[in-house]
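S.K.: Shown below is the structure under consideration.
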């Protein structure tokens, strides 16, 4: 092998090694997070069957597909290849981000004597909700109506506007993450989140999920958002 061929081979080997290191780093970065409660902890409002399928199957699929897309991106060598991967990165990356937020958004229901789910205690979040919407019931009504109106699949959000520092109800399509606001509460309105229990009646699911909303986690996000200038 001449010097030029040896140099070319050395560069190729170095690039291959670098790509392998990057791919290994990607695969170790994204993992399915453990739930902070058991699969049956949200019953009767969200069934064990739904939680197991939603977490073990659907969320895991987003994680696996995100790892695969990022690995392909690391190996890509042209702008065309990288552009072709943008949709997969957005969809699966958004799915991973949204679901990681969603699990923490939920807690066993206080109405069932299981936990703090559904209980909004006096504090800055309650004050902000009452200032903006008038009452928690009014927030629920607006949130449910807006989220039920999503065409197809998506997410309903209570977000903190980073400019005005006010709470707002908004939505995102498909698995798009919330980028315009700081997410305070997010609700998955994909059918896999409710169909096995509520069939096609989104409104019943939306009414029920408030009983397992973790307002303590929501308040933590809210107070952090108020002190941050970043999304």
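Note that Cβ sites are derived from N, Cα and C of the backbone, with glycine treated the same way.
TrEMBL feature annotations, pasted as is:
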DOMAIN    29-107  domain 'Manganese/iron superoxide dismutase N-terminal'
BINDING   54, 99, 188, 192  Mn(2+) binding site
DOMAIN    122-221  domain 'Manganese/iron superoxide dismutase C-terminal'
S.K.: Could you tally the C-beta atoms, other than its own, that fall within 10 angstroms of the C-beta of residue 54 (Mn(2+) binding site)?
M.R.: 23
S.K.: For Mn(2+), what surrounds 54, 99, 188, 192 with a Cβ no more than 8 Å from their Cβ centroid?
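M.R.: Checked against the 8 Å cutoff, the neighbours are 55, 58, 59, 102, 190, 193.
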S.K.: If you count other Cβ atoms within 10 Å of each one's Cβ, which of the binding-site residues 99, 192 has the most?
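M.R.: Max Cβ neighbours within 10 Å, all protein chains included: 99.
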S.K.: For the domain 'Manganese/iron superoxide dismutase N-terminal' (29-107), what's the model's average pLDDT?
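M.R.: Computed over the domain 'Manganese/iron superoxide dismutase N-terminal' (29-107), the mean pLDDT is 95 on the 0 to 100 scale.
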S.K.: List, in sequence order, the same-chain residues at least six positions removed whose CB sits under 8 Å from that of residue 188 (Mn(2+) binding site)?
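M.R.: Residues satisfying the criterion: 54, 98, 99, 102, 155.
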